[in-house]
Amino acid sequence: MIVGVLVAAATPIISSASATPANIAGMVVFIDPGHNGANDASIGRQVPTGRGGTKNCQASGTSTNSGYPEHTFTWETGLRLRAALNALGVRTALSRGNDNALGPCVDERANMANALRPNAIVSLHADGGPASGRGFHVNYSAPPLNAIQAGPSVQFARIMRDQLQASGIPKANYIGQDGLYGRSDLAGLNLAQYPSILVELGNMKNPADSALMESAEGRQKYANALVRGVAGFLATQGQAR
């Protein structure tokens, strides 16, 4: 699998994510499965935050209590999302090409995304919060650093929030507000020049969330909700570039 290369399905086949808008074929989505399949000391290298500071190149991520890692969850869910979008005629690219090696730093991922001039950028993650905390939250850059972050990115976050909730995935009860969280510390969002969100799909330390994440059926449920959110946003963006 080649990182950053646009891929589209040869024969569009509508996935289980039904009622998807029909005018999104040819649009471009950059998918960032958060974290790396492997890590070493290089992930501590300092890179720009997009707000004048620096932060680590990458974080190692979290895991469920049984040891299922965040990086594998985001990878497997990201592949499902990619397949569903390709089946709808959407062109996609991934930030990393495998789940067993070092991946690009957070600023490099943002630069890769911006270079594609995508209609949407979605970064997939899972939180490591308190065991009592359950549910997803959708992050966006705040305060915004450009007009895209101020408008379309927030719209994207709200549409994704609504579709996740409509799919039966609960909003976070321990962080953010009403399933949304405006943040200034996420480099990928700060550096984005195109509509961009980071979705924490659930809390890996919560028994109910982790059970969903650890099952293939659960990952498909997340992917189906994600494709509805992405497609719903794309439908508001006019024609493909």
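Count begins at 1; order follows the chain as displayed.
Positions of Cβ are set from backbone N, Cα and C atoms, glycine also.
Cross-referencing Glu70, Glu76 against the Zn(2+) binding annotation in Swiss-Prot, which names His35, His125, picks out Glu70.
Taking the centre of the Cβ atoms of His35, Glu70, His125 as the Zn(2+) site, the nearby residues of that chain (Cβ within 8 Å, site residues left out) are Pro33, Gly34, Ala59, Gly61, Thr62, Pro69, His71, Phe73, Thr74, Leu124, Ala126. Within the same chain, residues at least six positions away from Cys105 (disulfide bond) with a Cβ under 8 Å of its Cβ are Ile43, Arg45, Val47, Cys57, Gln58. Rounded to the nearest whole angstrom, the C-alpha distance between His125 (Zn(2+) binding site) and Glu200 (active site, proton donor/acceptor) is 5. On the backbone, the CA of His35 (Zn(2+) binding site) and the CA of Glu200 (active site, proton donor/acceptor) stand 13 Å apart. Distance from the CA of Glu200 (active site, proton donor/acceptor) to the CA of Glu70 (Zn(2+) binding site) is 10 Å.
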